[in-house]
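Asker: Before anything else, here's the structure in question.
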Amino acid sequence: MVRDVHLAEYAVFGILMGANLAVGLYFALNRRSRRMNSDEAFLGSRTLGIVPLSLSILATLVSAIGVVGFTAHFYTYGLHWLWSLVPLLFLVPVVSRIVVPVFYNLKITSVFEYLRLRFGNKMGIIACFINFVISMVLGAVSTFAAGVAISTAFHFPSLWSILATGAACTIYTAFGGFRGVIWTDAMQAILILVCPLTVVIKIIYDSSYGPDVNLRRPVDDVDIQPYFLEASFDLTKEENVWACIFGSIAPNMYRMGVGQMIVQRYAAAKSLQEAQSTVYLGNTLFFVTFALLGVVGMSLIYWYRDCDPFLLGAISRVDQLVPYYVGTRLSGFPGFSGLFLTGVVSATLSTVSSAINSLAATFYIDVLLPYMSFSEDQANMVTKALAFGFGASMTLLAIIVPYLESAVRLFTILQSSAAGPFVGLYILALAFPWANSKGAVTSTILVLALQLWALIGKFSSGPRPPKMAVTLDSCPANFTRVDGNATLAWTTHEQRGENVFPLYMLSAYWGGFFSMVLTVVVGLLISVMTGGGEQAGRHIGLTSDVFIQFWKRLKLLPDSDANSNSEKGKTETVQLNDITDISSNW
């Protein structure tokens, strides 16, 4: 049922989005009074506070994929991905105590500078490539999700909505300034929190006072087992407690610990202690927000399970579920749809702008500068071209997302697959001083090739996860069924092809976990066989102090090596190519 869009929706959306852009523009113009160097451009001169940095982490981690995509994913495939919050309970202390001190004390701008120090330029470029894949997918799926929201809520063509969203994100990034991005993110984080609350409150209200309250089964009638408690160790299943817990370790570690977008925020803190506090506060906000998205998913299950809009023909993709609810149920409250849509687009702006910024920065610093030199004017042109190039590429990729998979399933599969070897590489670097470049490069390339092979096979002939059972049994009388009956059109069992190669059957979540472990194991074996143990002393300063003390207790690292090299490592500076004053683009 298509309803007219109230003028108030456009007004609220326009005013709030204008305010968001005004914050970025203010810092872009105001920064001219501040001496701009690379430290200011990429890290805000390392003077930013805990609260804005933490809110920026929330805005970066919770994109439109979360607000629109994950809630629809919970409704369609179940709530098992909420179990991915469990690893955060031990990963947050790990990042705070092990990862952040190494990066912060080295005073690096790019996480790949660390890899170049640890394993050489080749390894830095390989890691850059993995990061490009993850960031491009994140940006594309976020742009697509926001485009779907705009298209569904305002009845615009989806293609033009995606193009407009991508263009806005690209131009928004060009206003630049890491300081401006942080403060804009902080404002957007508040709107992101409002989005799910709006939906939950409206469903609770309608469940008590709405005209259709008697048509719906009570929420305690939901069978929680298939939705949330499937706990077998079947390695071919994705919607499963253990698959989501173990399979989310690598993606969570990437997002909150070694991803360029987040590490930039830790490095921008005033001190190491504040950086560590930012880890705790930022990820606590993310934990609460993602759990709230699970509540939204459960609310939508209650509301639509007996009158599914997809079976009804009201939507053509499950990714449209949340915008459809907003357009049909919040339209009676002028301005609410515009408020919700602002939160969705804000989530996309913050995530995609951070992705574009980090991609352009790392490509310039880690790929171009080691081999080329630029004048200040040339650097300005190159970095601006990189930003627009990555933004345009993300937008084009977003256009083909609907032809591949569910947006969230595509995102989780690709991120889990790519994050495994990426995180395994950093575990090698941070935890094992005897890991050398030969072991790191070889293991990463081998595991990446294996993951690529598995991904191609999975998308072409692998199984599809089952969808939760839905019906049309309780649709209101004023709704017209497309086929005139309540036949269930979704498959509630896993679809498997015949004679599928075993590797293609492996869950992408388990595949991500195993690829992380395999990268570490193979890297260590090759390092030991190629004399890595003899080189351990020179890597002490680039290894976490926690692991140095651990290996010393186990007598695997001689005290002489640790003591003779610790001071050298702690004071080692990143002697890469000079980074020109390119900040006017950011």
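Note that Cβ sites are derived from N, Cα and C of the backbone, with glycine treated the same way.
Quick paste from TrEMBL:
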TRANSMEM  12-29  transmembrane segment
TRANSMEM  50-75  transmembrane segment
TRANSMEM  81-104  transmembrane segment
TRANSMEM  125-150  transmembrane segment
TRANSMEM  156-175  transmembrane segment
TRANSMEM  187-205  transmembrane segment
TRANSMEM  240-258  transmembrane segment
TRANSMEM  279-304  transmembrane segment
TRANSMEM  339-365  transmembrane segment
TRANSMEM  410-432  transmembrane segment
TRANSMEM  439-456  transmembrane segment
TRANSMEM  508-528  transmembrane segment
Asker: Can you name the far-off residues of the same chain, 6+ from the ends of the transmembrane segment (240-258), with a Cβ under 8 Å from a Cβ of it?
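Answerer: Distant contacts of the transmembrane segment (240-258): 57, 61, 80-84, 86-88, 91-92, 94-95, 99, 111, 134, 229-234, 279, 282-283, 286, 412, 415-416, 419-420, 422-424, 426, 507-513, 515-516.
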Asker: Does the transmembrane segment (81-104) make contact with the transmembrane segment (410-432) through 3 or more Cβ pairs under 8 Å, each pair 6 or more apart in sequence?
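Answerer: Answer yes, regions in contact.
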Asker: Count the CB pairs under 8 A between the transmembrane segment (156-175) and each of 50-75, 339-365, 410-432, then give me the winner.
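Answerer: Ranking 50-75, 339-365, 410-432 by Cβ pairs under 8 Å to the transmembrane segment (156-175) puts 339-365 first.
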Asker: Please report, as numbers and ranges, the same-chain residues at least 6 past the borders of the transmembrane segment (125-150) whose CB is under 8 Å from any CB of it.
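Answerer: Distal contacts: 63-65, 67-69, 111-112, 115, 156, 158, 161-166, 169, 254, 259-261, 317, 319-320, 322-323, 341, 344-345, 347-348, 351-352, 355-356, 358-359, 362-363, 366-367, 390, 393-395, 397-399, 401-402, 407-408, 410-411, 414-415, 418-419, 421-422, 425, 441, 444-445, 448.
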Asker: With Cβ-Cβ distances below 8 Å as the criterion, list the same-chain residues six or more beyond the ends of the transmembrane segment (339-365) that contact it, or say none.
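Answerer: The answer is 9, 12-13, 16-17, 20, 42, 56, 59-68, 109-113, 128, 131-132, 135-136, 138-139, 142-143, 145-146, 149-150, 153-154, 165-166, 168-170, 172-173, 178, 181, 184-185, 187-189, 191-195, 198-199, 260-261, 264, 323, 326, 330, 379, 382-383, 386-387, 390-391, 394, 576, 579, 582, 586.
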Asker: Give me the stretch from 50-75, 187-205, 410-432, 508-528 with the greatest number of Cβ pairs under 8 Å to the transmembrane segment (279-304).
Answerer: 50-75
Asker: Six or more residues beyond either end and a Cβ under 8 Å away: which residues meet both conditions relative to the transmembrane segment (50-75)?
Answerer: 81-82, 138, 141-143, 145-146, 148-149, 181-183, 185-186, 188-190, 192, 195-196, 199, 255-256, 261-262, 265-266, 268-269, 274, 277-278, 281-283, 285-286, 289-290, 293-294, 296-298, 300-301, 304, 318-323, 343-348, 350-352, 354, 406-409, 411, 468
